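**Student:** Input: one structure, supplied below.
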Number of protein chains: 2
Amino acid sequence: MGFPQDATLGDAGEFGLIAELVALFPQGEQVLVGPGDDAAVLRVRHGHVVVSTDLLVEGNHFRLDWSSAEDIGHRAAAQNLSDINAMGGRASSLTIGLAAPADLPARWALDFARGFAAECSLVGASVVGGDLTRSDKVVIAVTVLGSVTEAPVLRSGARPGDTLALCGRQGWAAGGLAVLGRGFRSPKVLVDAYKRPEPPYDAGRTAAEAGATAMIDVSDGLLADAGHIASASGVAIDVHAAAFDVAEPLQAVGAALGADPMQFILGGGEDHPLLATFPDALAVPPGWLRIGTVSEGSGVTVDGAEYDGPTGWTHF
Amino acid sequence: MGFPQDATLGDAGEFGLIAELVALFPQGEQVLVGPGDDAAVLRVRHGHVVVSTDLLVEGNHFRLDWSSAEDIGHRAAAQNLSDINAMGGRASSLTIGLAAPADLPARWALDFARGFAAECSLVGASVVGGDLTRSDKVVIAVTVLGSVTEAPVLRSGARPGDTLALCGRQGWAAGGLAVLGRGFRSPKVLVDAYKRPEPPYDAGRTAAEAGATAMIDVSDGLLADAGHIASASGVAIDVHAAAFDVAEPLQAVGAALGADPMQFILGGGEDHPLLATFPDALAVPPGWLRIGTVSEGSGVTVDGAEYDGPTGWTHF
């Protein structure tokens, strides 16, 4: 580093630190102009671009005492890459805005960038630009660009008779978050699932190729996100609770906290699995779990009845 | 509105408010999928995309008591659109991340969106997606996408013998900011210039077509941004102070505050004019002011000497 190990962001200065950060981000062959100019220039295939943006705010989406900088980098990248996955797309390029206190260690920003870059490398995407500025709390703004080869899979295409299916871990991160909220650090598998979600990055394109009619990534909560599909598509969705295996660590946390572990599965929104509808049960690709049915009507039920547990995240 | 006039963001809730916000953003013909899904899908011409991102933090980049929500919307859009301008490009699509306190009036967010949309309409660009979440202070994250028809004009192309030129108002916003900082509200033209910069949105493409060798928008300060061209290009730049007409309101503010008004021109970074180099003086397009020269060496001087006034914005 061009500054002392214990330098703060304020010490390291914007320009010196940016050079160190940029060096952590390898540039893919699609990048014609990378970080350092007024804008990046990217080569685009297929004549279109898929774009999504997300904010992560300290104390709201993450806590500096619960997650390492590298964990937060992984999570910030993962939740954005997941949005492209949910369109049936392939992520190619990202920008990062980082606002942080001047007394935050410069090392924190570098570790954050390392985690972010590592997560992006899982899908071969590049960080092509960003902004670094001062604020009282850490705020991370990520925008991701990608492409789709099939038609994008929207939230609005579910039809009565479709089968609802899920791909990826669900409820583990919510279990981990509940554990952290009570001051515990185990079961470690759940805490780790919260710190570094593992979205099924190939599943979105597979689902698109298999004819998925609607798709979303679970970020607000399984039932809440099923509700987004239901309202966008003008259909009713019934989730079948018996479809889920309640993993042993979730059972353990439920018992320890005196909670029904199904609330993590039905209400949790931090794992970023994919939720999709398929025209029939046989179209559901391997690796996906059939968890419900689509019918005429509106709203989301569990086993035919309204669910009375926590159903997910509200942003205000 | 679907909620009372005096509702807060918290009252209005994320989803009801988002529908009201989205309704303020007309979608251009390039938008295949607009706001409301996991990602937007955009048609892209010319096989590439130009992308840039910026953060604006309350108390750092703007103050809620100095600027109206609509002003801040204009400014947030302008400074991002200006980055595409500085590449010689045309902006097409933007995303907005807005983090704000739950007790901020919902009306503030709507007025902000109105100002943002109005600024985007000046260049025919669409807001295609965003994110809305809670934070202690208002933080605005904007990403802008665009295209270039000529090759993009980078910061790194200036050559010894080039002419340095400027297009757009410079120093007015810095004068306005100085006035506001002393608790005054006039001269109004300067305060307004700070609240709503007026970047010369067509000048970037004109400069590219005229053969500009390097270009940047002035956002850190005229000398600081000249310094970015000098270091990226490996050249020295000399700015000629006599090239500038010091506008009457700047002279008035200088006299009132006991400051040399040239410090607003040389150090100010809030107007977003374009600074570019051209292979010779005759190549400089109409509407641009020739303000300096490029030679072998490094660094930026004013009339051949180091400048000892304030030279611009540092982010930490």
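Each residue, glycine too, has its Cβ placed from N, Cα and C.
What TrEMBL shows for this protein is this:
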type    : residues                               : note
DOMAIN  : B:36-148                               : domain 'PurM-like N-terminal'
BINDING : B:Asp38, B:Asp83, B:Asp217             : Mg(2+) 3 binding site
BINDING : B:Asp38, B:Ser52, B:Asp83              : Mg(2+) 4 binding site
BINDING : B:Thr53, B:Asp54, B:Asp131             : Mg(2+) 1 binding site
BINDING : B:Asp54, B:Asp83                       : Mg(2+) 2 binding site
BINDING : B:His61, B:Glu270, B:Trp313            : substrate binding site
BINDING : B:Gly130, B:Asp131, B:Arg155, B:Ser219 : ATP binding site
DOMAIN  : B:159-261                              : domain 'PurM-like C-terminal'
BINDING : B:Asp220                               : Mg(2+) 5 binding site
**Student:** Return the count of C-beta atoms lying within 10 angstroms of the C-beta of B:Asp131 (Mg(2+) 1 binding site), excluding that atom itself.
**Tutor:** 21
**Student:** Cα within 10 Å of B:Ser52 (Mg(2+) 4 binding site) is the criterion; apply it to the binding-site residues B:His61, B:Asp83, B:Asp217, B:Asp220 and give the hits in sequence order.
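**Tutor:** So the list is B:Asp83.
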**Student:** Could you measure between B:Thr53 (Mg(2+) 1 binding site) and B:Asp217 (Mg(2+) 3 binding site) for me? Cα positions, answer in whole angstrom.
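**Tutor:** Roughly 14 Å, rounded to the nearest whole number.
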**Student:** Through the lens of DSSP with three states only, how would you label B:Asp38 (Mg(2+) 3 binding site)?
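**Tutor:** Going by the DSSP assignment, B:Asp38 (Mg(2+) 3 binding site) belongs to neither helix nor strand, so it counts as coil.
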**Student:** May I ask you to report the DSSP-based helix, strand or coil state of B:Ser219 (ATP binding site)?
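**Tutor:** DSSP assigns B:Ser219 (ATP binding site) to coil.
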**Student:** I'm trying to understand the geometry here, so how far is the Cα atom of B:Gly130 (ATP binding site) from the Cα atom of B:Asp83 (Mg(2+) 3 binding site), in Å to the nearest whole number?
**Tutor:** 19
**Student:** Can you tell which of the binding-site residues B:Arg155, B:Asp217, B:Asp220 lies nearest to B:Glu270 (substrate binding site) in space, using Cα positions?
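**Tutor:** Closest candidate to B:Glu270 (substrate binding site), judged by Cα separation, is B:Asp220.
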**Student:** Based on Cα distances to B:Asp131 (Mg(2+) 1 binding site), point out the closest of the binding-site residues B:Asp38, B:His61, B:Arg155, B:Ser219, B:Asp220.
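**Tutor:** Answer for the nearest of the binding-site residues: B:Asp38.
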**Student:** Per the record, ATP is bound by B:Gly130, B:Asp131, B:Arg155, B:Ser219: how many Å separate the farthest pair of Cα atoms?
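**Tutor:** In whole numbers, the farthest two Cα atoms are 31 Å apart.
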**Student:** Count the other Cβ atoms sitting within 10 Å of the Cβ of B:Asp217 (Mg(2+) 3 binding site), across every protein chain shown.
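**Tutor:** If we count other Cβ atoms within 10 Å of B:Asp217 (Mg(2+) 3 binding site), we arrive at 30.
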**Student:** In the structure shown, which of the binding-site residues B:Thr53, B:Ser219 has the fewest other Cβ atoms within 10 Å?
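**Tutor:** Least crowded of the binding-site residues B:Thr53, B:Ser219, by Cβ count within 10 Å, is B:Ser219.
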**Student:** Rounded to the nearest Å, what's the C-alpha distance separating B:Arg155 (ATP binding site) and B:Asp54 (Mg(2+) 1 binding site)? Just drop the number here, would you?
**Tutor:** 18
**Student:** When you measure from the Cβ of B:Asp38 (Mg(2+) 3 binding site), how many other Cβ atoms are you left with inside 10 Å?
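**Tutor:** For B:Asp38 (Mg(2+) 3 binding site), the 10 Å Cβ neighbour count is 28.
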**Student:** If you count the other Cβ atoms within 10 Å of each Cβ, which of the binding-site residues B:Asp54, B:Asp83, B:Asp220, B:Glu270 comes out on top?
**Tutor:** B:Asp83
**Student:** With an 8 Å cut-off on Cβ-Cβ distance and a minimum sequence separation of at least 6, pull the same-chain contacts of B:His61 (substrate binding site), or say none.
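**Tutor:** Same-chain residues close to B:His61 (substrate binding site) (Cβ under 8 Å, separated by 6 or more) are B:Leu55.
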